[in-house]
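A.B. asks: OK, TrEMBL features for this one:
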{"type": "REGION", "residues": "1-21", "note": "region 'Disordered'"}
{"type": "DOMAIN", "residues": "29-414", "note": "domain 'Major facilitator superfamily (MFS) profile'"}
{"type": "TRANSMEM", "residues": "35-57", "note": "transmembrane segment"}
{"type": "TRANSMEM", "residues": "69-86", "note": "transmembrane segment"}
{"type": "TRANSMEM", "residues": "93-113", "note": "transmembrane segment"}
{"type": "TRANSMEM", "residues": "158-176", "note": "transmembrane segment"}
{"type": "TRANSMEM", "residues": "182-204", "note": "transmembrane segment"}
{"type": "TRANSMEM", "residues": "240-261", "note": "transmembrane segment"}
{"type": "TRANSMEM", "residues": "273-292", "note": "transmembrane segment"}
{"type": "TRANSMEM", "residues": "304-322", "note": "transmembrane segment"}
{"type": "TRANSMEM", "residues": "328-350", "note": "transmembrane segment"}
{"type": "TRANSMEM", "residues": "390-409", "note": "transmembrane segment"}
Amino acid sequence: VSTMSAKTSSGGEEEASGMGNETLGEAKRGQVIRVAYVIAALDLTFLFMQMGVVPYLAKSLGLDSVGFGYLQTIFGVLQLMGGYIFGRFADRFGARAALILSCVSGSVFFLLMSLSTSIPLLFLSRLPGVFMHGIPGAQKVITDMTTPSQRAGALGKLGFCFGVGIIAGSVLGGVLSTKFGIYVPTYVGLVGSLINTLIAMVCIPSQTKPKSDHHVTERSDLFSIREILRLMKFPGVMEVFMVKVFAGLPIGLFMIMFSIISMDFFGLEAVESGYLMSYFGVLQMVVQGLVVGKLSSHCTEMTLLRLSVFVFAGVGLGMALMRTVWHYCIIAVPLVFAFSMLATITDSILTKAVPSSDTGAMLGICASVQPLTRTVGPTIGGVLYKQFGVSSFGYLQLTVNLGLFVYLLKSKIPLGEMKSQ
């Protein structure tokens, strides 16, 4: 039964998606997708804006480094818990309702941050993070509004939004907090999130997925372990999801420790670290905005998945041998390529491997990978860095991804091979 369902989702989803959205027209669908990109870019800008401010706000309130670690862990746990629930909510009530929920949660988040004049209030401000999932919300809109053959390219362009968010958010957060006060970025984030809410309400149609799938989403509660296990039983889903988790885990640990590594290992000042983050943002924009879509139109997704894992292995070797920040700037090019390709292709494959009525839940599960890394990462990354140094992240990256590459070459994952037309 699961095999037949998978064939229906991967082989017949394109037809169903076209039937469900044909009334909107190609131009209208393109317009809705562009609106989703705008919402995602603004959401990420506000998020990165507060990320640069929170350490200074926490320090001004008397929170030490251990307490700040607890603050970050709580946010990661909340995002981890909320990812799947958010996805099921999107399946049941629609992508527009999910985006509105995310934007409203962001507004409450920034409102509480602007009122955080004590440590308990600062911790309380993390609570709305459980439903702050702007990227999965935009991914849901794109998934509903595109055919499977168009999906990888359309999802890849979200990386451009990510680059915009990193650059604009980092710059705005620093400038606003320095010139106008530490709470000003939270006021801007509050107003911006409210504007995002209005954009979602006005510009995103109430129904974006095929009408024939609406009744399917009523079959279970918003959170159900049984539903997660059901999705994982579709052919190839568990295998690809495990590749997604383990291929990106070592570099995820490295990025969590990067603020410490940039100071201790590379000897960078705060301003120089900001420049390095902007460099990453530009790379992200170029790779996901231009490269991923082009490759997805010429290669099958499984080929690109193998390529991203292989490049990740090479990045691991480079990280193990690097000694200066200039070495890292060179390594960053294949690193961003592999990271972007892995995220986009696995999301595309997994949403096509399940029925279209479950794409929101699948995207929610995918979105839980990064919060999971942020939750366990500080402990594991701290041990690796303290005991074995920076090179340990590279050797772990190389070993894990070489193993995954061999696995992907030898295994026959039962997923439909597809490239854009």
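Count begins at 1; order follows the chain as displayed.
Cβ coordinates come from backbone N, Cα and C, glycine included.
Since this is a predicted model, take the numbers as computed values, not measurements.
Help me see these features in their spatial surroundings.
C.D. replies: Note on the transmembrane segment (69-86): residues 54, 58, 63, 98, 101-102, 122-123, 126-127, 129-133, 136-137, 222-223, 228, 360-361, 364-365, 367-368, 370-372, 374-375, 378 of its chain, located 6 or more positions outside it, place their CB under 8 angstroms from a CB of the stretch.
Beyond the ends of the transmembrane segment (93-113), by six or more residues, the same chain brings 36, 39, 43, 46-47, 50, 57, 86, 121-122, 124-134, 136-138, 140-141, 144, 183, 186-187, 189-190, 193-194, 196-197, 200-201, 204-209, 360 to within a C-beta distance below 8 angstroms of the stretch.
If you look at the transmembrane segment (158-176), the same-chain residues 6 or more away from its ends with a CB under 8 A from one of its CBs are 37, 40-41, 43-53, 135, 138-139, 142, 184-185, 188, 274, 277-278, 280-289, 292, 340, 343-344.
Sequence-distant contacts of the transmembrane segment (182-204), counting only residues of its own chain at least 6 positions beyond either end whose CB sits under 8 Å from a CB of the stretch, comprise 31-32, 35-36, 38-39, 42-43, 45-46, 49-50, 52-53, 56-57, 60, 95-96, 99-100, 103-104, 106-107, 109-111, 113-114, 134, 141, 172-173, 176.
Distant neighbours of the transmembrane segment (240-261): 232, 273, 305, 308-309, 312, 315-316, 319, 335, 339, 342-343, 346, 349-350, 353, 365-366, 369-370, 372-374, 377-378, 380-382, 384-385, 390, 393, 396-397, 400-401, 404, 407-408, 413, 415; these residues of the same chain sit at least 6 beyond its ends, with a Cβ under 8 Å from one of its Cβ atoms.
Remote same-chain partners of the transmembrane segment (273-292), defined as residues 6 or more beyond its termini with a Cβ less than 8 Å from a stretch Cβ, comprise 152-153, 156-160, 162-167, 170-171, 174, 259, 262-263, 325, 329, 332-333, 336-337, 340-341, 344.
Remote same-chain residues near the transmembrane segment (328-350) are listed as 139, 148, 151-152, 155-156, 158-159, 236-237, 240-241, 243-244, 247-248, 251, 266, 276, 279-280, 283-284, 287-288, 291-292, 295-296, 301-302, 304-305, 307-309, 311-312, 314-315, 318-319, 322, 362-363, 365-366, 415 (criterion: CB distance under 8 Å, separation of at least six residues from the stretch ends).
A Cβ distance under 8 Å defines the sequence-distant neighbours of the transmembrane segment (390-409), meaning residues of its chain 6+ beyond its ends; these are 243, 246-247, 249-251, 253-254, 257, 261, 265, 302, 305-306, 309-310, 312-313, 315-322, 381, 384.
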A.B. asks: Counting only residues 6 or more past its boundaries, what in the same chain has a CB within less than 8 Å of a CB in the transmembrane segment (304-322)?
C.D. replies: 152, 240, 243, 247-248, 250-251, 254, 295-296, 328, 330-331, 334-335, 337-339, 341-342, 345-346, 349, 390-391, 393-402, 404-405, 408-409
A.B. asks: Using a Cβ cut-off of under 8 Å, list the residues of the same chain at least 6 residues beyond the transmembrane segment (35-57) that approach it.
C.D. replies: 68, 71, 99, 102-103, 106, 110, 113, 116, 122, 132, 134-135, 137-138, 141-142, 157-158, 160-162, 164-166, 168-170, 172-174, 176-177, 182-183, 185-186, 188-189, 192-193, 195-196, 199-200, 203-204
